[in-house]
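Chemist: Got a structure for you, questions after.
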């Protein structure tokens with residue numbers, strides 16, 4: 001877009017739209033956003049954990065392998081991660097509210113259709129792919145909205161919202177075991193599909209924050225010393241191209257386009273320069289529009305990519321334990337309701353871990369990356385010790401320790417992402433982070449299932465998960481070193497700048 005000023009020969013050649021987000025309220029309607037995110041966590045990741053109850057019945061009904069049954073959860077998790085950037089782009093194009101409502105419909109329809117599945121392939125398509133697509137349309141936009149509504153209390157808000165996963169896991173695990181006993185796994189899936197339609201209600205609660213738009217008109221001759229002109233959105237109409245009243249256009253050495261109408265040889269040159277400038281502006285507008293929906297420049301952020309690699313190995317170990325805990329307990333001779341109670345025990349400690357360690361992160365007593373590193377190492381160690389547990393009390397102790405450390409990790413890993421890229425880029429960053437992490441979510445349970453089938457022991461799946469989590473902690477240590485190196489270089493630059501100013505002052509005093 002160009003703007004002509006009749007009082008000046010300068011023609012503005014570049015327009016940049018800047019969206020200034022509203023300040024995070026940290027209260028008021030933000031509580032409803034927190035409630036929405038709380039329920040979304042429970043009806044997405046909470047349901048993924050609860051699926052361990054269905055795993056035993058589906059495994060028995062279709063007489064398949066552990067690897068084959070685990071693909072249902074893996075496809076859902078991988079689809080959630082892989083399509084998260086699509087959800088982020090759709091949210092930017094339309095609204096977070098409409099995208100989440102559509103995602104809730106997809107989740108409900110996918111699980112309801114899954115209750116009529118005649119084979120595993122149909123379960124892969126419905127409960128896996130379609131349901132996972134719905135998860136991708138609901139969870140990332142809601143978490144992004146939570147980050148926009150909270151700033152000072154963001155770690156605590158993330159911890160409280162993610163506790164919905166724990167509370168609904170605690171409630172739904174014994175409930176669906178009862179429903180399976182009463183109505184079979186098909187009837188329980190049908191009820192679950194109806195329950196997930198409540199994600200549409202969660203989407204309705206997502207009221208967008210008001211934003212202020214500005215248009216910055218930059219002249220090509222900015223290097224000549226001209227200042228930028230900041231126009232509010234209401235002045236956009238005034239900045240539309242207007243015809244010049246002057247009888248001539250000349251090309252001056254200051255970049256102003258003028259051409260003598262009586263000199264026909266000047267007109268083609270002027271037209272070419274105008275066309276080149278127009279093409280540059282169109283490319284800049286296209287790039288700005290793409291960045292608004294998908295900030296692809298994140299892949300050049302070294303810290304973000306290192307954190308994404310942490311996410312890949314963490315996802316390899318995150319989802320397998322919850323899926324195989326109940327089957328592992330049943331293989332040790334534990335009664336079905338007692339085995340389901342293990343997930344409830346894990347959920348209670350998971351809730352405590354999220355709230356307590358989220359509050360601890362909010363105090364900023366230690367660097368968040370160090371807190372997350374220690375948590376991942378402890379969580380991996382707990383999973384490595386799982387095969388030693390055989391009695392119900394030992395399995396209950398393992399479930400409690402696993403839930404506590406899992407909650408501590410989940411409480412801060414999204415907050416850590418906001419610390420790396422900033423809240424204004426959180427939507428795109430979350431989408432890309434989940435996309436990169438999707439490979440770990442897809443392969444984790446099937447790899448664990450492969451070891452279980454080969455060794456005929458569910459304990460080997462926990463060993464695989466523990467090793468993956470400890471490896472993921474190595475990337476966090478690398479990220480910590482990058483942060484320290486960046487802080488050191490910033491400090492050195494500040495000292496050099498201070499010394500230069502002092503030297504200039506001394507030179508002026510001598511002069």
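Note: Cβ is positioned from N, Cα and C throughout, glycine not excepted.
According to TrEMBL, the protein carries these features:
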- 30-484: domain 'Major facilitator superfamily (MFS) profile' (DOMAIN)
- 32-56: transmembrane segment (TRANSMEM)
- 68-87: transmembrane segment (TRANSMEM)
- 99-117: transmembrane segment (TRANSMEM)
- 123-149: transmembrane segment (TRANSMEM)
- 156-179: transmembrane segment (TRANSMEM)
- 185-206: transmembrane segment (TRANSMEM)
- 304-326: transmembrane segment (TRANSMEM)
- 338-357: transmembrane segment (TRANSMEM)
- 369-390: transmembrane segment (TRANSMEM)
- 396-418: transmembrane segment (TRANSMEM)
- 430-452: transmembrane segment (TRANSMEM)
- 458-479: transmembrane segment (TRANSMEM)
- 487-511: region 'Disordered' (REGION)
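For each feature listed, report its degree of burial, its nearest neighbours and the pertinent distances within the displayed model.
Modeler: Per-residue confidence over the domain 'Major facilitator superfamily (MFS) profile' (30-484) averages 82 (mean pLDDT, predicted model).
Residues 40, 43-44, 87, 90-91, 123, 126-127, 129-138, 141-142, 186-187, 189-190, 192-194, 196-204, 206 of the same chain sit 6 or more residues outside the transmembrane segment (99-117) yet have a Cβ under 8 Å from a Cβ within it.
Among residues of the same chain six or more beyond the transmembrane segment (396-418), those with a C-beta under 8 A of the stretch's C-beta atoms are 143, 147, 154-155, 158-159, 162-163, 165-166, 307, 311, 314, 318, 321, 325, 342-343, 345-358, 361, 368-369, 371-372, 375-376, 378-379, 382-383, 385-386, 389, 426, 429-430, 433.
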Chemist: Apart from its near flanks, which chain residues at least 6 from the ends of the transmembrane segment (32-56) lie with a Cβ under 8 angstroms of it?
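Modeler: The answer is 69-70, 72-73, 76-77, 80, 100, 107, 135, 138-139, 142-143, 145-146, 149-150, 157, 160-169, 172-173, 176-177, 180, 185, 188-189, 192, 195-196, 198-199, 201-203, 205-207, 319, 322-327, 330, 336, 340, 343, 347.
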